[in-house]
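Copied over from TrEMBL, here are the features:
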- 9-69: domain 'HTH tetR-type' (DOMAIN)
- 32-51: DNA-binding region (DNA_BIND)
Amino acid sequence: MLAPVGRWGEREAGILEVAAALFDRRGYQNVTMADVAAEAGLSEGTLYNYFRDRHDLVLRVSLDAFEEHAVKAEHIAAEAQSLHEGVARMIALQMSILLDAKEIYRIWMREVRGAEDYGKLPARAMLRRYSTPMIHLLKKWLAPRDIPPGIDFGMMRDLIFGGVENFVQTAVLQERDKALDVDKTSWDIAGAYLRAFGGKLEARTKTLASPRAKTAQRKRARSG
């Protein structure tokens with residue numbers, strides 16, 4: 001239960017954290033404003049001081065989550081030592097989101113991308129912020145003359161993210177997702193795309209420390 005706090009911003013952040021956890025456990029469509037208020041230790045009326053309605057809360061939870069992902073993507077692009085490493089880490093991040101934050105992804109697909117005014121929503125700008133570091137990576141390491149005719153950096157980004165999304169969703173539907181090695185698979189997928197795009201390939205000499213791998217490491221450490 002969230003301990004009520006005096007400062008508005010702290011309480012709002014706490015409510016978002018509580019709501020995200022409830023959505024993950026029960027599915028966002030099965031959680032009411034009353035559920036969130038009770039879990040947060042607030043009255044339902046107080047909750048409406050922070051969020052207009054349930055839809056507003058759902059959108060804010062997804063936006064908050066994607067802001068964290070966008071920050072991670074920006075760090076990956078800034079820290080990459082090679083194109084292969086950078087693209088592989090971006091793919092590992094995308095795979096981890098799709099595999100470990102299924103409910104947030106479901107919200108994004110149904111409530112955000114499906115909205116009629118999606119192009120005007122803050123979420124659209126957040127998605128652009130998340131995906132733009134991939135373009136920065138590609139531009140840093142690939143010369144325009146080296147890429148195939150008719151292909152630009154934006155198309156390359158869309159092909160990578162779209163292909164990874166389709167691959168992971170198929171694995172989930174076929175119940176193969178739990179057996180996926182995110183580090184190896186992301187490196188191999190990056191290599192396949194770079195081969196098509198004319199980029200330099202590398203042998204994988206270290207783990208990518210994907211978000212999913214870090215979570216597994218923490219769980220093993222706690223159980224040991």
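Cβ atoms are placed via backbone N, Cα and C, with glycine included.
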Tally of residues which DSSP labels helix, strand or coil - the domain 'HTH tetR-type' (9-69): 49 helix, 0 strand, 12 coil
For the DNA-binding region (32-51), mean pLDDT (0 to 100): 93
